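Below you'll find the structure, written out as structure tokens, and then a few comments.
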């Protein structure tokens, strides 16, 4: 598709206004306040501090920081696609949350003919939004905002499919996944891989002239990593039971992140032949521990086990970038642009296994109220993992097929990873050198994209 054919002057405004009208109508018909928000249900005897907002808002605010600043900065690593990474993250996240309030509301907060809205709904919606943004990483720089809004994620597939998967896993399988390693990270990973499998671009396998980072873009991306790192304990514990469960979730997440960070620095220096640290490793592999402890984050796994999980997740993530991502791109037609299979897929699988092993120890002693033996609960955990991967992969591939429709303004290979296609760029934009000028396709450390995973350890 040519540069002019990706013009957004008509398509994007028409789409956004149509979506806003749809949201207004649906909210007017179906959404009302919950008991903690409705003034008609409050009395003079109500103690303000008992309102749920005082318990839920701190977690909501922390997750907001992760969604809009953490993910936004992290995805701004391309020298010529910083606007796209951050601004499309902003656009996508904003609508994803609005749409998820409705979709998840029908599954979890719908009674008396209405979706009852409170801060807890916003937290649930932001988890669904995190799924969208993780999947977005698989196709970063290769899609238009029209594609992102119409087909790729929110409207037709990802949020609704995620809602179905969550409903099945939570309501019927009743597994333990407090930190969302299965429902959020694994689902998002395989949905994104399903999309990028269908959108395979052979010409990008050997890199692209604009898949280049700069000193400034890498610094901005590290800032995103730091925001995610700092607020990850809130993400993992927001929906756990209040009290000791939530306390353990915070401790285990911090310990896991700390372990993966130290391990990432060690492995980065060891696996790079020049013995130097890779910024891509610092930006991504350091976060692996937060995912790896997720499925068992509220259990009595011991601090030592949380530390070991952080180290194990980091090691799997690092080796995935070095060996697995190039294999997936060249042999299986899966161009995982941001390496989400390493940071979210592999670590999510490890977390699932760890939770099963821990449940084997806990269930005989705790005599779970569901009446399941340890073996039965392990089978339910595996069933949840399998159904999540299947729903995500099929949904992703169907979405990828929709993305190929010509009127969705998909950028051509030539204009991938280029802000100029969709933005008014400043005067110094064209002064930024491309890969041929810098030699970065051969010598410069790449970020977490196809070129990066092939060269960063050479």
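Just so you know, glycine gets a Cβ as well, placed from its N, Cα and C.
Ranges compared are 35-56, 57-78, and TrEMBL records transmembrane segment for 57-78. TrEMBL assigns the feature transmembrane segment to residues 307-324, out of the candidate ranges 307-324, 325-342, 343-360, 361-378.
It is 182-200, from the ranges 163-181, 182-200, 201-219, that TrEMBL records as transmembrane segment. Averaged over the domain 'Ammonium transporter AmtB-like' (23-406), the predicted model has a pLDDT of 89. The transmembrane segment (182-200) is in contact with the transmembrane segment (117-141), judged by 3+ CB-CB distances under 8 Å for residue pairs 6 or more apart in sequence.
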